[in-house]
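Asks: I have a structure here, written as structure tokens, and I will follow up with some questions on it.
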Amino acid sequence: TGAAPLIEKKRVKMKQYVVTRPLYSEDAFADEHEKIHRHHKTLRHHVKHCDLKRAKNAALSLLPFIGWMRIYQLKEWLLSDIVSGVSTGLVAVLQGLAYSLLASLPPWYGLFTAFFPVIVYFFLGTSRHISVGAFPVLSLMVGAVVTRLVPDEGPPVNITGFEGLTIDEQRVMVAASVTFLMGIMQLAMGLLQVGFIVMYLSDTLVSGFTTAAAVHILVSQLKFVLGLVVPGLSGPLSIVYTLEKIFVQIEKTNVCDLVTSILIMVVVFIVKEINDRYKAKLPVPIPIEVIMTVIACGVSYAFNFRVNYKVDVVGRIPVGYESPMGPNMQIFGQTAVEAFPMAIVGFAVAFSVAKVYSVKHDYIIDGNQELIAFGASNIIGAAFKSFAASTALSRSAVQESTGGKTQIAGLLSALIVMVVTLAIGFLLEPLPKSVLGAVVIVNLKGMLMQIREVPYLWRRDRPDCVVWVVTCLASILLGLDLGLAVGLGIELLTVVFRAQFPRCSVLANITGTDIYKDRKDYMSIYEPEGVKIFRIPSPIFFANIDFFRGKLVGFNPLRVLRKRNKALRTIRKLLKKGELQMTSKGLLLISSGPIEESEDESNMEELDQPTDFKDLPVQVNWNSELPANIHVPRVDVHSLILDFSAVSFLDISALKGLKAALKELIRVEVEVYIVASYILKKLHSCMFFDDEVKSSMFFLTLHDAMLHILEKHPVDSENTKGFYRNVNFDVFYV
């Protein structure tokens with residue numbers, strides 16, 4: 001017939017539930033339902049009940065390798081670990097040599113860092129996939145300490161033990177000593193079970209910090225890429241002074257070094273992109289850094305780059321390991337400030353990488369045991385002249401992506417490094433340092449590209465964006481140690497500001513339900529006249545209690561109370577003089593002359609006390625018009641519900657401030673009801689309640705409190721019909 005087809009709108013049938021229960025205050029609920037009293041176990045209790053099984057588990061937790069060795073699947077895992085160990089070992093050799101330059105040390109000391117810490121971590125570490133060894137950011141931080149105490153230009157700092165040592169030997173002593181101190185700090189934190197401290201380094205802060213570190217690393221490698229002689233600098237604005245020294249002598253650039261570096265960077269970058277794009281199809285990533293290093297060594301040796309083109313090469317690599325040495329105590333005092341951020345950064349980076357792989361492969365890592373493992377690794381490594389060890393993401397990615405299942409792969413990579421150190425290290429002597437610098441720079445891509453996070457953070461969370469930008473800029477300009485401190489300070493400030501000025505809200509009832517939401521977000525809401533529900537979404541402590549008090553009701557209850565008590569003084573004076581009389585309509589002013597409100601403030605304590613009507617013939621209605629031109633601010637709220645369900649704790653200052661606020665509200669005839677469960681026990685233990693502030697004001701839910709209010713202050717309107725549906729005040733149905 002040409003009529004439009006009927007379109008049936010399908011309505012989703014909502015599931016419903018009905019609950020029948022009494023209206024509960026916290027006191028009524030506690031009377032009806034008995035709580036379980038939990039006893040906290042003391043250290044003495046744990047020691048007393050320590051049996052053989054617990055002692056065995058404690059011992060195994062200190063040697064985690066025993067746990068995974070017992071489940072090691074020889075046939076399935078061994079071949080994968082061998083392939084992974086060989087691949088990782090080749091990368092570890094190259095990165096060890098390259099990152100030694102960042103630490104301002106002779107290249108072969110990087111081989112020590114790729115060996116000793118790995119062996120120790122094998123026994124003590126809980127991660128099965130990270131590759132322990134040199135990390136560029138830590139190497140740069142070590143280099144800053146080394147160049148500060150033993151500069152390229154000028155005499156070293158006056159330290160006992162430097163006598164008779166070459167500049168390289170002095171630098172090795174500084175690097176080993178600061179690494180030893182860093183290891184002591186990590187070990188102490190692990191034994192004290194304070195691994196949680198790393199949680200204060202947010203992902204945003206670490207991202208900004210590592211991006212700044214990448215900029216420092218890039219600038220520090222320019223001298224090798226350009227073949228220039230630039231002294232190592234440290235301290236605030238060192239990056240600016242380094243760039244100045246580079247550009248001043250830019251015309252002295254060694255063309256052979258520059259061309260070699262560019263060629264290495266282009267090839268390595270392209271092949272790495274191929275590895276990333278086709279990683280699902282490649283059995284193992286192409287070890288392009290190793291391949292290009294071998295080619296560069298061969299070309300350098302064949303054309304004698306060192307003599308013919310004045311190229312700076314790695315040079316002589318001693319065969320074998322050097323004898324161990326103890327740390328220099330005087331260096332401890334000179335480097336303690338730098339050692340602590342190194343300990344935190346080294347552990348934070350390693351733990352974050354380990355956490356990624358533990359989630360991927362479904363096993364558990366222990367942060368405190370990781371601190372112990374890295375602390376012991378750095379202490380023992382420093383005794384054998386290695387510098388600070390952590391993990392590098394690229395090297396760990398190689399170990400995991402080539403099939404590594406356990407730290408057997410790490411142990412085999414250390415054996416590869418040992419072979420190079422003991423037997424074939426001489427083959428790397430003609431390797432140009434510009435090649436190492438190029439390899440370091442091309443591996444910075446991941447850290448430098450983190451700058452793309454800034455627009456996202458600006459759109460999603462501006463305080464986090466501020467943390468990123470400030471941390472990055474401070475670390476670039478002031479140095480990594482001071483920059484980390486500044487970033488941590490800014491981060492803690494943002495946390496304080498968020499906690500001090502949280503987004504409080506006024507709630508309203510969603511019509512026909514027992515649900516309460518922000519009144520600004522919904523249209524179908526019910527708000528009884530004179531009732532306000534105030535939600536506080538954060539802990540209450542000394543810094544934000546005044547903020548909350550100012551937000552509660554929109555007026556100053558203490559000011560209202562004082563105004564009322566002043567008005568009572570005036571009324572009493574007028575009654576005493578006979579100028580005010582009691583009539584059937586209330587108080588009537590007889591005198592026609594001007595009446596001034598009492599301004600006697602000689603006893604302010606009396607003004608802060610509850611209003612007292614005992615000697616008056618009538619109780620004053622403060623919201624009505626008062627005689628004698630007495631003006632008192634109106635209070636339109638008769639009941640206030642405080643939603644403290646999200647408040648996890650209050651400190652003593654907050655307790656005092658909260659109690660004072662409650663008393664002020666009660667004294668101006670505002671009934672206060674609180675919904676809170678977490679803090680009630682503490683309030684009882686702190687003797688919070690008295691004759692005015694009573695425990696009966698605490699209710700189990702917002703709906704319980706609201707029904708109690710509506711029972712005391714009935715409201716007759718169309719809006720309340722849905723609210724009262726199926727409700728009586730002995731039992732209510734939701």
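Glycine is no exception: its Cβ is also placed from the backbone N, Cα and C atoms.
Among the features that TrEMBL reports, domain 'STAS' is placed at 521-709. Taken from TrEMBL, the feature transmembrane segment covers 78-102, 108-125, 132-150, 196-218, 224-243, 255-272, 284-303, 339-359, 371-388, 408-428, 466-490.
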Asks: At a threshold of under 8 Å on Cβ distances, which of 108-125, 196-218, 224-243, 284-303 pairs most often with the transmembrane segment (371-388)?
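Replies: By the under-8 Å Cβ criterion, the transmembrane segment (371-388) pairs most with 108-125.
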Asks: Report, as numbers and ranges, every residue of the chain located at least six residues beyond the transmembrane segment (339-359) whose Cβ falls under 8 Å of a Cβ in that stretch; write 'none' if there are none.
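Replies: Contacts with the transmembrane segment (339-359): 126-130, 132, 135, 137-138, 141-142, 178, 181-183, 185-186, 189, 195, 197-198, 201, 206, 209-210, 365, 367, 370-371, 374, 378, 388-391, 393, 396, 400, 480-481, 484-485.
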Asks: Considering every residue in the domain 'STAS' (521-709), what is the mean pLDDT value?
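Replies: Result for the domain 'STAS' (521-709): average pLDDT 83.
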Asks: Would the transmembrane segment (466-490) count as touching the transmembrane segment (196-218), if touching means at least three Cβ pairs under 8 Å and pairs must be 6 or more apart in sequence?
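Replies: Answer yes: the transmembrane segment (466-490) meets the transmembrane segment (196-218) with 3 or more Cβ pairs below 8 Å.
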Asks: Please identify the stretch among 132-150, 284-303, 408-428 with the greatest number of Cβ pairs below 8 Å relative to the transmembrane segment (108-125).
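Replies: The listed stretch sharing the most Cβ pairs with the transmembrane segment (108-125) is 408-428.
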Asks: How about the transmembrane segment (408-428) and the transmembrane segment (78-102): do they have 3 or more C-beta pairs under 8 A, pairs 6 or more apart in sequence?
Replies: yes
